[in-house]
Amino acid sequence: MERKGSAAGAKGNPSPPAAGEGQRPPPPLCVPGGGGGAPARGQVGAAAEPAELIRRAHEFKSQGAQCYKDKKFREAIGKYHRALLELKGLLPPPGERERDSRPASPAGALKPGRLSEEQSKTVEAIEIDCYNSLAACLLQAELVNYERVKEYCLKVLKKEGENFKALYRSGVAFYHLGDYDKALYYLKEARTQQPTDTNVIRYIQLTEMKLSRCSQREKEAM
């Protein structure tokens with residue numbers, strides 16, 4: 001899934017999401033049953049090098065993309081979770097990240113297990129793609145878990161505040177959860193990214209109608 005794109009893909013929208021949403025490189029074929037070809041992190045031990053963990057995470061993410069294209073959404077969700085599991089613990093908390101950005105020596109050598117700047121960016125990009133893709137998969141369910149969609153989208157926005165798809169889907173999730181003020185906020189933020197997107201415009205109109213009705217009921221109750 002590209003991190004910029006149309007709002008198509010939310011439940012009930014006029015048009016479905018683009019296949020393979022959330023992935024950059026052409027993915028390999030999905031292996032049914034969750035095997036994936038890459039060993040689970042625990043199978044090789046905690047001493048695996050960051051580069052190997054990142055490689056495996058990217059492989060699982062790519063397999064998830066293929067599963068999404070094949071409309072195997074449950075399998076895709078499993079692949080994206082496996083990708084995130086590979087990356088778990090690689091990035092330090094935000095406070096420590098600033099300290100880690102300083103060179104470990106005058107030569108700028110990295111301590112064992114510490115990520116390079118390029119690796120850190122790669123890890124964050126994979127995490128963003130996986131969370132966006134998980135939200136896209138959940139929105140294909142017959143009964144959508146909008147609370148979980150919201151959770152994944154907010155994780156993306158914490159890392160990349162102007163991510164269009166996460167902004168739009170956050171708005172959709174808040175709309176269906178009945179929090180129309182927050183829905184309108186995120187939808188308007190999405191509109192600043194793509195002012196002509198028809199799905200964003202439609203959900204803004206729906207949200208404003210809900211807010212208007214709520215306001216009218218409050219006046220009648222006074």
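The backbone N, Cα and C atoms fix where each Cβ goes, and this holds for glycine too.
According to Swiss-Prot, the features are:
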- S105: phosphoserine (MOD_RES)
- 1-49: region 'Disordered' (REGION)
- 88-116: region 'Disordered' (REGION)
- 56-89: repeat 'TPR 1' (REPEAT)
- 125-160: repeat 'TPR 2' (REPEAT)
- 161-194: repeat 'TPR 3' (REPEAT)
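Applying DSSP to the repeat 'TPR 1' (56-89) sorts its residues as follows: 29 helix, 0 strand, 5 coil. Residue counts for the repeat 'TPR 2' (125-160) by DSSP state, with H, G and I taken as helix and E and B as strand, are 28 helix, 0 strand, 8 coil.
Here the repeat 'TPR 3' (161-194) is broken down by DSSP into helix, strand and coil counts: 27 helix, 0 strand, 7 coil.
Each residue in the repeat 'TPR 2' (125-160) has a pLDDT score, and their mean in this model is 98.
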